[in-house]
Structures are given as structure tokens and as C-alpha cells.
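According to TrEMBL, the protein carries these features:
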type     : residues : note
COMPBIAS : 19-28    : compositional bias 'Gly residues'
DOMAIN   : 62-303   : domain 'G-protein coupled receptors family 1 profile'
REGION   : 15-38    : region 'Disordered'
TRANSMEM : 48-73    : transmembrane segment
TRANSMEM : 80-108   : transmembrane segment
TRANSMEM : 114-136  : transmembrane segment
TRANSMEM : 157-181  : transmembrane segment
TRANSMEM : 201-220  : transmembrane segment
TRANSMEM : 252-271  : transmembrane segment
TRANSMEM : 283-305  : transmembrane segment
Amino acid sequence: MEAAAALNESGAVAPRLPAGGGGSGSGNGNTSLELSSRPPAPAALNPWDVMLCVSGTAIACENALVVAIICYSPALRTPMFVLVGSLATADLLAGLGLILNFVFQYYVIRSDTVSLLTVGFLVASFAASVSSLLAITVDRYLSLYNALTYYSERTVLCIQTMLAGAWGVSLCLGLLPVLGWNCLHDRTACSVVRPLTKSNVTLLSASFFLIFLIMLHLYIEICKIVCRHAHQIALQQHFLTASHYVTTKKGVSTLAIILGTFGASWLPFAIYCVVGDPDYPSVYTYATLLPATYNSMINPIIYAYRNQEIQRSMWVLFCGCFQAKVSFRSRSPSDV
């Protein structure tokens, strides 16, 4: 959710370039990110904004494909794929938000109202993305902890409740700046992510840290369950086979990659939003924000394209046929 806030800074916030057009955004303070109504004359392109737009385009294309595959394939309607679809939809909206922000910022309407709407859209989208990641983590944990009762109506209801709550909270967070929690009329209250206030950014950062800690705890528990299951299987065979260590190592490595990618993408930006000062050069905000957007670019690879059911659906979607000689194995949410 913190991440969402960041994006506001990058795109939703219309850059006000200093006279002479310093495009790098590394001038004094965050002047290049301040909200203001500007004349229709085109502003000099900020390279950081261009990179954010390129990132948004890649994010939108990747996740649009995932959404299309899940909608196209009736077999991908299980709770696990519903969660993956929610994540892809949130990331798709975030990518579109970055693109629209860039277009409005430089080529269409540059006003406080449009900037606030873009800010709210980005906050809601990235909040939904992070919340969907948490929901996927909870689903993976439940599929292992309650393996015997996982495929029940209770699980479906639980997932529907999680998604409704995630999107509801994300929408509320996105509406806060639009409904008045901004610093348009009090610049001293601005954070490093203008036009969000320091208190708003603090709330988003605290929410992100809480989600990260919950995910860390759940993945540690998942790791313990995976190791215990592998050990029990090995004991049933009366000896510890090499496959036991390979399976355990693979599971731990995959979980480390998932959580490490998420933390490496968002933690620098989340921390900077808390400790940073709005008078710092805006290049610092951009430098921590851009890597945060890469998480939405990596999510489809981790949660969708690695799944063999989605690979098979992609084959059918693009080739219109399926070769029986190609072997696919259905995977459960607990597959890590």
C-alpha cells in the first residue's frame, strides 16, 4: 500500500520544471514534483517520468495477458487462479495509471484535480496489488495447513471475503487524497510524495510494513510445513533420500525469492517515505520509486507464467491447439 503512495509522486504528481527545464528532477527540493496548474505549453520531458511510463507499459502488457488467459480459460476458475487474476488486474490498473499519468502530465490536462484523481487511482491500484499478494500468501498457507478441507465451500467463501476486503480497503485508501487528505492548501504538510500529506504517507507505510511482516511470518510457517512434509515422506521410505534435500532446498529457495523480490522492491521506497524530507532532491524519490514499480512487472512471472496450467492455456490461446505429447501437471496453491 505504501507503494501506491509512491507512485503518486512519480506520475500522478505533475512535475513543475524549473525555468530552463531541468528534466532530471534532481534540483533543489521536490519542485519538479509539485502539483500546480500549468499553462498548456508542453513541459520538458523528465527522464525519470519517461522511465516510469515505460515501466507502466511493460506492466500493463504483461498483466493484460494474464487477465486474458484467466478469462479465456474456464478451467482457470479455481480459488488460486482467482487470486492470481486479482493480482494481475491490480497490476494492470497500476501500469495503466502510470501511462495515463504521464500522458496527462505532459500532453493533455495538467491541473490539481486531474493530478489528485491520478494519485488516487495509483494509490488504490498498488494497494490492491500488495493486498492481493497478501491474499495469495494466506491461500498458500491454508492449502498446506488445512490440506484436507482446502477444496471446500468454506475456502471459496474465505477467498471471496479476502478479495472483497482487499479491494474495499484499497479503494478507500485511493479516495483519501481525492476527498481532501492532501497538501494542496498547506505545502508545509507535504511529504516526499506530493500531494500526499506526511500523515497519509505514514499510514500507507505502516500498512505496508504490517503486510510485509505478516507475509514474512506466513512464509516462514509455509517453509516449516514443506520441510516437515518432505521429512515425513523420506522417513516413510525408511531413509533420507537425496530427493528429500532437493525438494526442501527448492521450496526454501523459491519462498526466499518470492519474499526477497517483494521486500527488495518496496522496502527502500517505504523506508524513504518515512524518513525522507520533502526538501530533499526529488531524484531520491524517483530512485526508490522506480524499483518499486518493478514488483508489478515481476509478479506475473512469479505467480502466473511459472504455473503449468497457465502455460497450457497460453499454448491453446496462441496456437489454437494442444499437443498431447507435451506434458503438463496441474499444480496446487501449495506448490512453491
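For all residues, glycine too, the Cβ spot is worked out from N, Cα and C.
In TrEMBL, annotation is done automatically, which means it is predicted and not curated.
In this chain, the transmembrane segment (80-108) touches the transmembrane segment (157-181); three or more CB pairs sit within less than 8 A of each other, excluding pairs fewer than 6 residues apart. Within its own chain, the transmembrane segment (80-108) has Cβ neighbours under 8 Å at 4, 7, 10-12, 14-15, 42-43, 45, 49-50, 52-53, 55-64, 66-67, 70-71, 114-115, 118, 121-122, 124-126, 128-129, 131-133, 135-136, 139, 143, 159, 163, 166-167, 170, 293, 296, 299-300, 303-304, 307, 309-310, 332-333, counting only residues six or more beyond its boundaries. Across the domain 'G-protein coupled receptors family 1 profile' (62-303), the prediction's mean pLDDT works out to 86.
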